[in-house]
Amino acid sequence: MVSAITKKPLPPPRYAARRRFWGPDAIDDGLLLWFPGPASFTGEDVAELHVHGGRAVYRALADALAAAGGRPAEPGEFTRRAFHNGKLDLTQAEAIADLVAAETEGQRRQALRQLDGALGQLYEGWRARLIAMSARAEAAIDFPEEDLPDGLLAGVATDAAVLAGELRRHLDDGGRGERLREGFHVAILGAPNAGKSSLLNALVGRAAAIVHETAGTTRDIVEAAIDLNGWPVVFSDTAGLRVTADPVEAEGVRRAQERAGQADLKLLIFDGSTQAEPDAATMVFAGPRALLVANKSDLGLVAGSCSISGWVRVSAATGEGLGGLAGQIAAAAAAALDGSAPAPTRLRHRMAVETCIQHLDAMCRASLPELLVEDLRLAARALAAAVGRIDIEDVLDAVFREFCIGK
Ligand code: GDP
Ligand code: ZN
């Protein structure tokens, strides 16, 4: 197909050759790279054409390739083929989508680690241990008891309990991997007019939220994502927390409270030029994952402001103290998101590991060796699904749907 549009033989493998590309007439002048399978990304024969990216060039080239028997790739098709040809496991395929979507250094590092196979290898290692356990348990079925070493089944049960503990620790990481993909959520909470929207705008550096002098302006939640020292942080500006008769504003307050409950960190902001500490409606959210922020320091803070320790003084108007506040938020994000052990990065991984744990727990309760072997088989199967060793078409469709065309 490629020779048909270059009217020349293929260049040597993996060398860039200059070629003219032909349709009914000359289309463009560019570079051609040839990667014969199986030593290519997909494992199949792959040619890469580098052309001048104009739409007319692309269209004429697509027509010429179609005339030679080709068709455009589906989104994620290259990666899907690489997966089917055993070049990648499913967690690595997902990592490619994550790498393409990565916006911060933290996200990029996590995606690259997963692409290197850290998560898949962890699951494969666990699966290998399960297979070894089931081989031992099967011996208990196949051989008479006097030929078997003492305590064979008890030993399998102990190993299964140890493994279940490792799996639980893997899940019990506060959702680090998923949050690194999706962002560390910071809710900005406080009374109307405390300066929540101004603070969000100042932190994000653009007018993401409406700032208005009338209290109760921000009725719905405004979100803005930024890269804070490499960590993805999503701020949400919420409706002012106060008791109100207006049903629309009341709904906003309800949403603010709900969001506050889900946030990884809460900024409890108050107007420090008129108050010594936040209102009671805001202080409800005080706790280890909350920072008190006295705003409007440019107007002079009320004496005795914030007797509570661990607070920050800022001025959303002049920018005073914002660098320090951003640093504290980045430190909280780093503490929550940083880690060297591979973490589950998707609900799919988490569910597979949970299923595996359930079968291991069932196994520890099983009395007959036959049942025990079956539980081990199902536990191993859950991990095999996680890395895509067993094809489950709807899982694959869901995974590859996130991809863009050309990957
Ligand atoms: P929100 O209701 O908590 O979102 O408060 P806004 O951000 O809408 O701000 C309420 C009012 O306070 C607006 O008039 C802002 O201009 C003003 N404001 C906000 N932050 C500061 C600040 O640091 N200093 C001063 N002087 N005014 C501020
Ligand atoms: Zn507001």
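The backbone N, Cα and C atoms fix where each Cβ goes, glycine too.
Keep in mind that what you see is a predicted model, and the values were worked out from it rather than measured.
In the three-state DSSP reading, K407 ((6S)-5-formyl-5,6,7,8-tetrahydrofolate binding site) counts as coil. Annotation source TrEMBL lists (6S)-5-formyl-5,6,7,8-tetrahydrofolate binding site at R20, E48, K87, K407.
Under the heading domain 'TrmE-type G', TrEMBL lists 183-334.
Residues annotated as GTP binding site in TrEMBL: N193, A194, G195, K196, S197, S198, D237, T238, A239, G240. For S197 (GTP binding site), the Cβ neighbour count at a 10 Å cut-off comes to 23, with all displayed protein chains included.
Per TrEMBL, the feature Mg(2+) binding site maps to S197, T218. In the three-state DSSP scheme, S197 (GTP binding site) is classed as helix.
Cβ neighbour counts within 10 Å, taken over all protein chains shown, single out D237 as the most crowded of the binding-site residues E48, D237. Cα to Cα, G195 (GTP binding site) and K87 ((6S)-5-formyl-5,6,7,8-tetrahydrofolate binding site) are separated by 53 Å.
With respect to E48 ((6S)-5-formyl-5,6,7,8-tetrahydrofolate binding site), the closest of these binding-site residues in Cα terms is D237, chosen from N193, D237, A239.
Of all the binding-site residues listed (R20, K87, K407), R20 has the fewest other CB atoms within 10 A of its CB. Nearest to D237 (GTP binding site) in space, judged by Cα atoms and limited to the binding-site residues R20, K87, K407, is K407. Model confidence over the domain 'TrmE-type G' (183-334) is summarised by a mean pLDDT of 82. A sphere of 10 angstroms centred on the C-beta of G195 (GTP binding site) encloses 26 other C-beta atoms.
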